[in-house]
Every structure is written in C-alpha cells, then in structure tokens.
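Residues or ranges marked as DNA-binding region by Swiss-Prot: 378-397. Residues or ranges marked as ATP binding site by Swiss-Prot: A24, D25, I26, G27, G28, T29. Positions annotated as domain 'HTH rpiR-type' by Swiss-Prot: 342-418. Taken from Swiss-Prot, the feature domain 'SIS' covers 462-601. Annotation comment: Swiss-Prot describes 1-20 as region 'Disordered'. Annotation comment: Swiss-Prot describes 1-341 as region 'Glucokinase'. As annotated by Swiss-Prot, region 'Putative HTH-type transcriptional regulator' applies to 342-638.
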Amino acid sequence: MSTGVQTKAAPGAGQHADGPRLLADIGGTNARFALETSPGEIGSVKVYPCADYPGVAEVIKRYLKDTKIGRVNHAAIAIANPVDGDQVSMTNHDWSFSIEATRRALGFDTLLVVNDFTALAMALPGLTDAQRVQVGGGTRRPNSVIGLLGPGTGMGVSGLIPADDRWIALGSEGGHATFAPADEREDIVLQYARKKWSHVSFERVAAGPGIEVIYRALAGRDKKRVAANVDTIEIVKRAMEGEPLAAESVDVFCGILGTFAGNIAVTLGALGGIYIGGGVVPRLGELFARSSFRKRFEAKGRFEAYLQNVPTYVITAEYPAFLGVSAILAEQLSNRAGGSSSAVFERIRQMRDALTPAERRVADLALNHPRSIINDPIVDIARKADVSQPTVIRFCRSLGCQGLSDFKLKLATGLTGTIPVSHSQVHLGDTATDFGAKVLDNTVSAILQLREHLNFEHVERAIDLLNGARRIEFYGLGNSNIVAQDAHYKFFRFGIPTIAYGDLYMQAASAALLGKGDVIVAVSKSGRAPELLRVLDVAMQAGAKVIAITSSNTPLAKRATVALETDHIEIRESQLSMISRILHLVMIDILAVGVAIRRAVPSADVAETVAKARQGADDDATAVLDWLSHGAASSARD
C-alpha cells in the first residue's frame, strides 16, 4: 500500500537490481516494516506489537510471510536503542539479539542496525514541505548543518553535517546536558526536580514525561493537590480543554524546549534549521504553535539576530525513520567496494547486459548471493549458476580480475560492511551457534582491520632486514612464545641460522652474543614487559636490529628498528591472547612469504625450481614459498 513516506524517485531510477529492500523502525511498543522496491518508492507498511513476538527475527519472518515476498537480500533496522557492536539489548523492551546471527537466520546478505534517531536525522534532507511544518521565521541555508531534537519518552539529539555529496549524522547524548532555568517558573521546576534526581538534565523536563514534572512543580507552587494517576497524556488533554494550570505547564515545557533547541542551534551552527521529531510535539498542535517556544529559541542575547535567521520545523511525516534508514542502507551498499564506479558490485551491474547468457547467470549469483561465491568452490558455483567451470573463470576475467581467487577477494572486500567492526561479547547462555559465530566474526573483523591499517612500508623494511640477516632470533614470553616457535619452524627452511626463545634468561644470554647483521623478532601483546625491553636494549646497543610485532604506541614499538603494529580489542593484560595471537601468526606468515619471494630464483628458472622442489630441495626458496601454501609451485604441478 502507499504510505506517507513515499517520495518521488529520481528520474530514470528503476527497481533495485538486487530486489526489494526491507526497512524497519522498531520501538519499545511497535515494530514497523516497509519494502523499498526502488529509490524513494516505499510501501507495504505494516505495524506489529512487539509484545506479540519473542524476538526480532520472529517478527521479521511474520512480516515477510504476510507480504508474500520471495527473497530479501538487504535489510536495515532503525531501533530505539544505542547500537554498539553486534549485540543489541533493548532498554525499553525485552528483546536481545545478535545482528550477525539474525542476518544468518533470515538469509540476508546485509542486515544493518542503527539507532532510530540517527535514521531520523538522515531523513531530514529528503523531507518535503508536506512532511514538515515551520514554526516562526528564519530561512534555511542550503548545504548547512542541520540540528535535530526528539522529545519522546527520552530526548534524542543529533545533527547532520554536509560532506561533499552526502551527509554525516552525529551520534549524541545531548539530552543529558544539564538543565538551566531561564525564569522564575523554571526555577520552581528545577527545585522540584532536584528532590527527585541528583542531576537534572534537559531530558528530565523537556521530554514527554517532563510535562508531568512541570505540572506537579507548578501545582506545588499553587498549593494544589494532584492525583497520582495524572500523567502527560491527561495534562495535554486538560490543556487543550483550557485548564489554566495544564496550559501553563505545556507552555513552560515548550519554553524549555525552545531554550534547548537554541542551545543546539548555536552549538552546531545549524543554519540549515532545527527539526523537532519524536512523539510529543506533533500532538500538541496549536498549543505548540502559540507557545513561547520560538521566542525562547531566539532569546540568546547577543546571538538573537543569529537565531532569528535559523528556521525551526516540526516533522509531520508519518514514518520518517524509513526515509533515513533507507538512505543509510543505500550509502552502505554503495560504499561496500569504495563507492566508485569501478567497485565490483557496480561493475557487475554495469557489465551485466554485455555478458553472455551463461556469464549473466554467474553475475546474478554474485549480486544476489555474494557469500555463496566467496565461500563455495568453483564446482559448486558453476552448479548453482547452471554453467560450466570455464564460464565462471571467463566471467571473473571479464570484470578485470585475474581469476576466481582475485574475484573472491574483491567481492569479500565489498562485503566487509556486514562484518561487525566492534568486538562482540560472548554471554552466558549463548548457544554454540551464537558464541561460535562471535568468535569467528571477531577474528575475521580483526584481520580485516589489520589489512586496512597495516603499514606495508614497515612490512617491506622488516622483510629486507630478515632477508639480509646473518642470524634471526624470535623472542616471545608466555602465549607469545607459541608465535615465536611457529616463526622458527617457518624461517629455518630459508637456510638462515634461526632459533626461538621463550625463556627470559635464555633470551638475555643469547642477546648478549648478537651484533651487527643479526635480527631479533620480538612478539608481545602488551609491548611493555620491562625485562624483555632491557634484553632488546642490550642487543641493539651491540648493533642488532629489532622487529617488533606488538600494539601501537607501546614502549616496544617505540624502541624497535621496525614496528609492525597489530592493534586489537584485547586491551587488558589480564585477558588471554586470542585475537592478538591470530594477528601475530598472520604477521609471521606475511614476513615468511615476503622473505620467500625475495629469495626465490628468477621466474625463467621456474621449471627447474619445480623439479628441485619435487626432489625435496627444501633449501630452494620457491619450494619454501610453495610449502608455506601461498606460492605458485603447487599450481604449476597441477
């Protein structure tokens, strides 16, 4: 069905090539859903009571069943809750869920979950005049910062900053800023509120429940008794009926909100306007229009003229969060592979019509089921696309990729947005599916972040030092000794004198014998062990070089000749190294492959190299590269 959020699609915009997108706005009471079939075309809106369903996945399944939609590849949820990492536990309802586990359970390629106020903020640039009402004067300045307030059960605060051709939404807890009264009536309100709370924030008096606080404070001033069952809804009803105390309370509420909105405007420089959402103000109607809101908004002394030019709007769109979450999802999908026209998803769409019918089936599989392409062997990919294996390879090369492996890497890069970038905590009661997925996702996320932030110039320097070393010693204490032993096992195949020490006394004794041309690779999660640092100082003073595999800005990283920084979430020394150990092992693999490439014979002698490798010539670096599982010798045999 058509809804109030439906907007005119861009000229020439067709349906989403990857199918309809599921949009959701989930609050503490209701879960609202819609389908976006093409940019700006949002329909099939349905509302479900949260209390009727045990969790998010169940209510989404019900919506998909009710709308009789075949498959959804991409979905986005705006939720009335902070979103930090993979695990979401609603504060105003008893739902708790893992984003990634829910995505897998529903079979989505993408499931994006954002704070509902962030989604509302992203909707603002697309609102039409029919979806907002201006209160007071002022003229909106294009391409300027926009502010947003949302008095509801709490007080949401956000802002939008223009950045080239897009907007950046600010996360904020501005509603918890300290309330400061501006007149005698507000002094009375503050005195009353202080008896209830040690810290009185604007949220206490300018959100929905604040109307009741104000009403009871002013009733105390007038020595009037207020029944216990009088709440905000009843007070607003009385104000509309003309009861003096209720009308005064609503006006004080609007004045406080005006002060707060003015604070946000001058703080953000919101020349693009201040928007008011939430469930309270739109229901006040003429009470708000006639209130002291705008007068108090402008009452900033020397900045009164500044604020007179800033417009204020009340959002009247029925489902504005759908517009915002749609914009966030669209940007997320666009940014999967850099957002440029050469991005792998966009390139597939652009080239699809020029492909052969068989290659087109592979393209459709990649667009609709990208994880299947990434995870499956070529025989399964060919079977699912109903093509031959050579057709899969031809498709990859038609996109400019060297082969299937190269295409999988580029496709995986485009999908990293669905992998949590924050550490997901394992909780008591998690099923094996949940905690297993969290451990794997945390590890994958850490490796992807390492790939993005690793200084490859430092990697090159470290490889050069190792390749030219007279002797290499690997030092690691405790859990890091596992990494040192693994490195020793790999590097001794290069014919360089190599050893690993996990005992501090052996490290000290050996380091005293090192000198120019020798290299120590020190592996440490904390990078702060004073005994290890003293040992390395002795070796470096004698001319040895030190490669550190550790966290950034640690004493070890600062001392080392070359630091390979592997930052991770395990920041407390009391935590067992799990993710950090994996990252350290990955760094050793990178260094070993790099040295193998440096020491490999010229490509013209590959045939001879393969022959030597078959004869067990382990000292040949090309054979070692193959032994490390990253080389080409094995493929040359096949």
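Using the three backbone atoms N, Cα and C, a Cβ is placed for every residue, glycine included.
Locations of recorded Swiss-Prot features on the structure.
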| residue | record | CB count, 10 Å |
| --- | --- | --- |
| A24 | ATP binding site | 24 |
| D25 | ATP binding site | 26 |
| I26 | ATP binding site | 26 |
| G27 | ATP binding site | 20 |
| G28 | ATP binding site | 17 |
| T29 | ATP binding site | 13 |
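The region 'Putative HTH-type transcriptional regulator' (342-638) scores a mean pLDDT of 79 in the predicted structure. In the three-state DSSP scheme, G28 (ATP binding site) is classed as coil. Long-range Cβ contacts of the DNA-binding region (378-397) within its own chain (Cβ-Cβ under 8 Å, at least 6 residues beyond either end) map to 355-356, 358-359, 361-365, 369, 372, 403-404, 406-407. Other than A24, D25, I26, G27, G28, T29, the residues of this chain whose Cβ falls within 8 Å of the Cβ centroid of the ATP site are, in sequence order, N30, A31, R32, C50, I79, A80, D116.
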